[in-house]
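Asker: One structure, as structure tokens, below. Some questions next.
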């Protein structure tokens, strides 16, 4: 709830006190203090008034004789002015307000209704249903519902006031008009000069407590899940499936990374082999060889390949991929392709690859 101005100066019991009066417990005390806007009455003082009223009733009953059946029945009955829960009767509230010169008139009584007084022209009301009491009071130029079962004051517009009171009557509430001059309070003085605007209406304390409890349960569940994920507990089926899905996803990412690294390594290796091959091939100078020269070089190359296949090269001796008379790496491939068929070139490439691998293996040995 957000208010503009100094509405927080409106008196209301502490949060602890507001959480105690459900089911009528101490609500009469909070009702009176909200009406007077201060800590004017305590449970002890209201209990003292209740005991005084009980004694007055006992004395009246005793006038008919202390040995009468009515008197003995009266003594056996619990007090009608207070009980162990903290509830106090309308007689206790009325007597407490007399100290301040205030009087209570039943709002829905025929006598008051004949006066046809507009509720807006009153200053405050006290409402009761069964064992619950609360105050509706005008502070400054605005009305507020000071129900102690709410988390804070509820702003009531002038146009809504009559409808609000009529709704309470339909729900079975007894409404009392407070007649007399209320004591001055700081909230009333400040709200005479300013008006407040309520952005969010207050909730019932029970709803807020239930919401806080639900938030605490959710927080506890979240902490439990985090604890389980750290390996200190057992995961349920949904969490286990999630963990397995995450593990598989990480494995697939790792495999993709490994495959990418392998492809890069092969590419770099091929580039390195191509550079080494170009460096190992002797360069020829001069003009391009004739077709006859290419034919002779090709015959010489195949002759040499057959000799190498029949007699393995001695350890440590590297076999060049091309004869010295071969064309350089810078020569276009299409010159060689003019005099060699695709099958011959494929066979030559496979043979050169095998010889290169064999030479490197024997060199390492």
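In case you wondered, yes, glycine gets a Cβ from its N, Cα and C as well.
In TrEMBL, annotation is done automatically, which means it is predicted and not curated.
So TrEMBL has the following annotated:
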DOMAIN    14-193  domain 'Josephin'
ACT_SITE  27  active site
ACT_SITE  132  active site
ACT_SITE  147  active site
COMPBIAS  270-289  compositional bias 'Polar residues'
REGION    270-343  region 'Disordered'
COMPBIAS  290-302  compositional bias 'Basic and acidic residues'
Asker: By a simple count of other Cβ atoms within 10 Å, which of 27, 132, 147, the active-site residues in the record, is least packed?
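Answerer: So among 27, 132, 147, the active-site residues given, the one with the fewest Cβ atoms within 10 Å is 132.
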Asker: Measure from the CA atom of residue 27 (active site) to the CA atom of residue 147 (active site) and give the result in Å, rounded to a whole number.
Answerer: 9
Asker: For residue 27 (active site) and residue 132 (active site), what Cα-Cα distance in Å is obtained after rounding to a whole number?
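Answerer: The Cα atom of residue 27 (active site) is 6 Å away from the Cα atom of residue 132 (active site).
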Asker: For the domain 'Josephin' (14-193), provide the mean pLDDT of the predicted model.
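Answerer: Looking only at the domain 'Josephin' (14-193), pLDDT averages out to 89.
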